[in-house]
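Input: one structure, supplied below.
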Amino acid sequence: MASHEVAEGAPLRLRQQAEVTLRAEARPREPAAGQTVVAMGSLLWRAPVPPLLLLLLLMTRGTEPFEPITVGIAIGAASVLTGYFSYPDLYCRFVECCREEQPLNASALKLDLEEKLFGQHLAREVILKALTGFRNNKNPKKPLTLSLHGWAGTGKNFVSQIVAKNLHPEGLKSNFVHLFVSTLHFPHEQKIKLYQEQLQKWIRGNVSSCARSVFIFDEMDKLHRGLIDAIKPFLDYYEQVDGISYRKAIFIFLSNAGGDLITRMALDFWKAGKKREDIQLKDLEPVLSLGVFNNKNSGLWHSGLIDRSLIDYFVPFLPLEYKHVKMCVRAEMKSRGFTIDEEIVKRVADEMTFFPKEEKIYSDKGCKTVQTRLDFH
């Protein structure tokens, strides 16, 4: 018997109740603006109570008259099931939930950044400070917007994964973390208007379901000019846009643009005999934001996001040195359960190419090919 079928000889009242239930459940359940998934989950489990009770009654007695004890048992069983799944804490053990007030574990985030991100003291400091401050603020005035810049292999994508995992346990697999790749999702320049409309609808719909949604835009330097400005209203200081608040969302941009400026600064410090750790955010951020704004291939060329100061932090990722590549190799070996073999670590690092040609200080591809190269050792 299907979950909502009623025995042929059942009383007319029960058949009518089952029909009403079927019609009610056929309608799509969409969360109202601002409603959290926790609340929606509770409602979803409460909604099927009448047919659940009906089914229990019919299974126990078929078409015979109902006795008070039988009815009591059925009601009790249905109440237990319903009550169990009505509590968000219990429900969320089985289904991913968006909990707006769940605090960020700053210690766990700090540990992840310290143990897994190499050679990026600026990124570690800025990201930890930005995320901790943002999540501790119960009433932010705007969404948190981070723009991560640097050459390939320096850790931008890796950091976005760490951030996603610390905000939502499922990480990039979470229903509340959304990754856009420019060349995949927005390939055709002639369709910019369509992409802008789709992007707005997608962000609006997901923030409606989870105010703590995270949006990651990869390959910003390959994004068609002007496309990103479609999300400007969502990043601004508005309390609501069309009845929806975006103030608790997080937007992260990843770009290779500005990598040359960052490398030049790092090289200047090296030539002056200074440590890379002496580079401060104030040394790079103004140059980086201006350079990206004027770079036609940055995805943020003359963007209103920069013009209106809607990007909270421009986060520079420094080029990686030989010692950092070796750290990456060790970390990869550890993640695979291998015993650290320093001879293999050295061989993998030695296979990488470094620049400039004379000094050969920085890895040409950062740690990007470490995983592949380790497969051959």
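Every residue number used here counts from 1 along the chain in the order it is shown.
Glycine is treated like the rest: Cβ placed from N, Cα and C.
Sharing the features that TrEMBL gives for it:
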{"type": "DOMAIN", "residues": "142-285", "note": "domain 'AAA+ ATPase'"}
{"type": "BINDING", "residues": "Gly150, Trp151, Ala152, Gly153, Thr154, Gly155, Lys156, Asn157", "note": "ATP binding site"}
How do the residues of the domain 'AAA+ ATPase' (142-285) split into helix, strand and coil according to DSSP?
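Secondary-structure breakdown of the domain 'AAA+ ATPase' (142-285): 73 helix, 24 strand, 47 coil.
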Report the mean pLDDT of the predicted model across the domain 'AAA+ ATPase' (142-285), rounded to a whole number.
96
Let me know how many other Cβ atoms fall within 10 Å of the Cβ of Thr154 (ATP binding site).
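Here the count is 32.
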